[in-house]
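According to Swiss-Prot:
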type	residues	note
ACT_SITE	Ser214	active site
ACT_SITE	His241	active site
ACT_SITE	Asp337	active site
DOMAIN	4-121	domain 'Response regulatory'
DOMAIN	202-394	domain 'CheB-type methylesterase'
MOD_RES	Asp55	4-aspartylphosphate
Amino acid sequence: MTVKVLVVDDSSFFRRRVSEIINADPRLEVIGNAVNGKEAVELVKKLQPDVITMDIEMPVMDGITAVREIMKVLPTPILMFSSLTQEGAKATLDALDAGALDFLPKKFEDIARNRDEAISLLQKRVGELARKRMFMRRPLRTTPAVAPASRYSAPVNAALTREAALTTAARTTAARVTPTSTTRQTMHSAVAAKPMARFKASGKKYQLMAIGTSTGGPVALQKILTQLPANFPYPIVLVQHMPATFTAAFAARLNNLSKISVKEAEDGDTLRAGVAYLAPGGKQMMLEGRPGSARLRILDGGDRMNYKPCVDVTFGSAAKVYNDKVLSMILTGMGADGREGARMLKTHGSTVWAQDEESCVVYGMPQAVAKAGISTEDLPLERFAERILVEVGR
């Protein structure tokens, strides 16, 4: 059974190009085209695609507004196409907040070294996102009880509500309901309603927290970091696969939403408690020195690395500096980046957690770590912040 795809773009050339690439994969099939967001919303209701590719800037209704409307009427995995500009970065992050799951640069030459690689990447992204459709549309209980809010809980925007809905939907079997904005609030409440085991601190001592992620990472990182207190006791290093022009905008957004400080990492930064350092896109981020005075090195890293930034590079250097004092996490993402770095951390005695399959947008990086027997705990996204705070005694 093929994956049904709706292509949305006001450029006839781009619609044709994307459609040709998608249809070249026998597992995928373009079932419709829309020239603006309003038309896309109507076609979603009519065709019920498995995945949507969406432009951002369009007449009549832009892509961000269309994403919000689609999440109200029929939640569907959406892959955004955007320009690699600062404005494009902000718009893309807005689209992810609205409910889109992933994005790619609109100029294919910006994401791959050759044409075949770009084609394969687009086909793979569409196929991976299709796997989340069943979770986004799974019926939910309509009248859950609501548990008291934690003192560390933070406001949850549309994207985070959707992420919680993915996990809850995968775990419940109830009567079908029509997906409306009210239903999506109910989805989030259902997470709190489910009895959950209490966490216990391991008793280990840490000096650094490290997180690596890719596809689905912007929402996942926002979900976790916005729930950490301003007096978080350790520095945090973040590695998110993201283009160079996006990381500054993403760090600024996280900083505005979080109690901790978040910044795009710079060469020579001294790691400070309560500050999260996001690896800049197109570079490698390494740690050097000693705990308490460790610094960041930002390097080009050469063309041999598949990922820039690369989780393995950052985690490996963290293991050498901090030995057994790192609390590390591998979150949602395609591929296996982070596995070898996490292996080094575990060998040095540090802690490695992984995101569970049900709450991942793409269960690739966490799966690689879990299958290798490296992670000690596999957690749903909505419980990571709680687990962290218990572990560090906050």
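Cβ coordinates come from backbone N, Cα and C, glycine included.
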Top Cα neighbour of Ser214 (active site) in the set of recorded positions Asp55, His241, Asp337: His241
Three-state secondary structure, which DSSP defines for Asp337 (active site): coil
Count of other CB atoms lying within 10 Å of the CB belonging to Ser214 (active site): 25
C-beta crowding around Asp337 (active site), within 10 angstroms: 27
For the domain 'Response regulatory' (4-121), residues assigned helix / strand / coil by DSSP: 57 helix, 26 strand, 35 coil
Integer Å distance between the CA atoms belonging to Asp337 (active site) and Asp55 (4-aspartylphosphate): 28
Cβ neighbours within the same chain of His241 (active site) - under 8 Å, at least six residues apart: Thr213, Ser214, Thr215, Gly217, Tyr307, Pro309, Gly333, Asp337
